[in-house]
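**Q** Sharing the record's features from Swiss-Prot:
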BINDING   Arg53, Gly269, Asp270, Thr302  substrate binding site
BINDING   Asn55, Phe56, Ser57, His58, Arg95, Lys181  ATP binding site
BINDING   Asn55, Ser57, Asp88, Thr89  K(+) binding site
BINDING   Glu246, Asp270  Mg(2+) binding site
SITE      Lys244  site 'Transition state stabilizer'
Amino acid sequence: MSNASLSWLTKLNTSETPDKVLRRSSIIGTIGPKTNNVDVLVKLRKAGLNIVRMNFSHGSYEYHQSVIDNAKQSEEIYKGRPLAIALDTKGPEIRTGTTIDDKDYPILPNHEMIFTTDEAYAKKCDDKVMFIDYKNITKVIEAGKIIYIDDGVVSFEVLQIVDDKTLKVRSVNSGKICSHKGVNLPGTDVDLPALSEKDKADIKFGVKNGVHMIFASFIRTGDDIKEIRKVLGEEGKDIQIIAKIENQQGVNNFDEILVETDGVMVARGDLGIEIPAPQVFVVQKQLIAKCNLAAKPVICATQMLESMTYNPRPTRAEVSDVGNAILDGADCVMLSGETAKGNYPFEAVSMMHNTAIIAEKAIAYQPLHNEIRSLANRPTPTTETCAMASVSAAYEQDAKAIVVLSTSGFTSRLVSKYKPNVPVMMVTRNHRAARYCHLYRGVYPFVYEKKTVDNWQEDVENRLRWAVSEAIDLGIIKKGDSIVTIQGWTRGSGHSNTVRVVQA
């Protein structure tokens with residue numbers, strides 16, 4: 001593999017241009033004050049945006065409702081590919097209290113003070129006593145451990161656990177004691193609930209408004225995912241849950257989380273505070289690889305093109321970061337402040353689009369397909385066997401596309417797992433599935449609007465002919481090209497068992 005990889009890399013086209021090429025990965029953009037506008041959303045979609053992210057750490061329900069409404073209106077103006085909407089929860093968190101008169105108190109290194117969970121100090125914090133709103137902090141932390149305040153801007157070492165409400169700490173560096181700052185406990189297992197009351201209300205808002213996915217913050221165990229499913233209920237059962245891995249517990253318990261979740265986000269911001277920064281890229285690679293083998297979509301997020309918040313061009317390191325996330329196997333890459341508050345949102349999406357396309361063309365797909373196939377657990381279920389066979393057939397036949405006649409998107413996800421080097425056209429009547437299939441690398445939704453006919457095989461042929469016609473019109477394939485198709489033997493999801501090779 002290494003020799004084949006080296007040989008492949010030496011033959012890359014270094015003059016590759018991204019013009020008029022289908023991008024396999026998807027782009028997620030956070031919508032904020034700079035971009036919450038119908039015309040702006042249309043322009044972002046034309047630049048390559050696939051999934052709208054709403055950050056529920058900020059904004060009112062009225063504001064988020066306007067994002068949803070504007071996103072839907074943008075589709076009425078510009079059809080393009082269906083747009084998915086994601087709700088990113090605030091998540092359970094630990095914060096400091098309120099300082100006296102809301103002042104900032106400067107401190108120097110080696111400054112000793114008290115951290116307390118005593119509510120009497122919740123609004124009386126200063127440079128002597130700071131309230132922490134996590135009641136069990138004295139039970140879970142140990143002397144010698146570090147506490148980060150304000151995303152690690154200020155660090156404290158725990159000197160002594162004085163009693164069940166009090167810690168004696170010493171500052172590691174200079175900084176300021178301020179109101180309502182986030183608190184991180186790196187290397188310490190915490191027992192916070194999976195969802196705060198705000199999160200539960202936010203998720204119910206999302207269910208009511210038909211969001212397509214939940215980005216669930218600070219997931220620590222598989223049980224956290226189960227709790228979110230309970231809140232989603234029957235009405236929200238089709239909403240995809242994406243587990244954000246942001247702490248050491250999430251990394252340690254990743255295998256059980258992966259079983260329960262629909263997908264994963266490698267959320268490198270808080271993760272880089274909770275674990276040493278040099279370890280983040282190793283965790284990123286491991287988590288993405290595990291997701292690829294499990295056929296679970298994975299998103300790489302945080303600071304990908306951050307300098308483009310205020311600059312029209314990214315740093316070279318940022319471009320490499322985006323490209324390497326694609327090479328690692330990420331299905332989606334995400335923009336945060338770049339599109340939420342940045343001065344160059346269109347340029348950021350366009351830069352990510354172009355970088356992703358070029359990175360995708362640097363991948364040796366067939367050796368990757370062969371490796372994933374060799375690692376599959378045997379015997380494979382029928383649908384996965386068909387998905388695997390369709391990709392192998394596409395390589396053997398030099399097919400130009402794989403057409404999946406799909407109800408739920410499940411088969412398309414499995415086809416994506418086996419890394420085809422051609423587009424996967426998911427033909428479906430299911431509008432929701434067409435939107436969340438953006439999570440799967442290389443899968444393109446084609447919504448078939450015509451009603452079903454009684455004869456099943458006739459309905460299959462109608463959808464296939466329509467898909468071929470659409471693909472030819474879009475320039476994805478040419479008449480006479482070989483294509484591989486997957487279909488079921490009967491109506492409904494979970495019945496895919498037929499693979500064919502046909503001519504366009």
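Heads up, the Cβ atoms here are built off N, Cα and C, so glycines get one too.
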**Q** Roughly how many Å separate the Cα of Asn55 (ATP binding site) from that of Gly269 (substrate binding site), to the nearest whole number?
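**A** The Cα atom of Asn55 (ATP binding site) is 14 Å away from the Cα atom of Gly269 (substrate binding site).
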**Q** Pop the Cα-Cα gap between Thr302 (substrate binding site) and Ser57 (ATP binding site) into the table, whole Å please.
**A** 15
**Q** How many angstrom lie between the most widely spaced Cα atoms of the ATP binders Asn55, Phe56, Ser57, His58, Arg95, Lys181?
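**A** Overall maximum Cα spacing for these binding residues reaches 18 Å.
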**Q** Within a 10 Å radius around the Cβ, which one of these binding-site residues has the most neighbouring Cβ atoms: Asn55, Ser57, Thr89, Thr302?
**A** Thr89
**Q** Long-range neighbours only, meaning 6 or more apart in sequence with Cβ under 8 Å: which ones does His58 (ATP binding site) have?
**A** Gly32
**Q** At its widest, how many Å does the recorded substrate site span between Cα atoms of Arg53, Gly269, Asp270, Thr302?
**A** 18
**Q** Determine, to the nearest whole angstrom, how far the Cα atom of Arg95 (ATP binding site) is from the Cα atom of Asp270 (substrate binding site).
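**A** Each residue's Cα considered, Arg95 (ATP binding site) and Asp270 (substrate binding site) end up 14 Å apart.
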**Q** Nearest to Thr89 (K(+) binding site) by Cα, among Lys181, Glu246, Gly269, Thr302 (binding-site residues)?
**A** Glu246
**Q** Determine, using Cα-Cα distances only, which of these recorded positions is closest to Phe56 (ATP binding site): Asp88, Lys244, Glu246, Gly269, Thr302.
**A** Asp88
**Q** Could you state the whole-number distance in Å separating the C-alpha atoms of Asp88 (K(+) binding site) and Arg53 (substrate binding site)?
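**A** Per the Cα atoms, Asp88 (K(+) binding site) and Arg53 (substrate binding site) stand 7 Å apart.
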**Q** Can you figure out which of Lys181, Lys244, Glu246 (the recorded positions) comes closest in space to Arg53 (substrate binding site), comparing Cα atoms?
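**A** Checked the recorded positions Lys181, Lys244, Glu246; minimum Cα distance to Arg53 (substrate binding site) goes to Lys244.
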**Q** Cα-Cα separation of Asp270 (substrate binding site) and Lys181 (ATP binding site), in Å?
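**A** Cα to Cα, Asp270 (substrate binding site) and Lys181 (ATP binding site) are separated by 14 Å.
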**Q** Please determine which of the binding-site residues listed here (Asp88, Glu246, Asp270) has the lowest count of neighbouring CB atoms within 10 Å.
**A** Asp270
**Q** For the recorded positions Arg95, Lys244, which Cβ has the most other Cβ atoms within 10 Å, all shown protein chains included?
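**A** Answer by Cβ density within 10 Å: Lys244.
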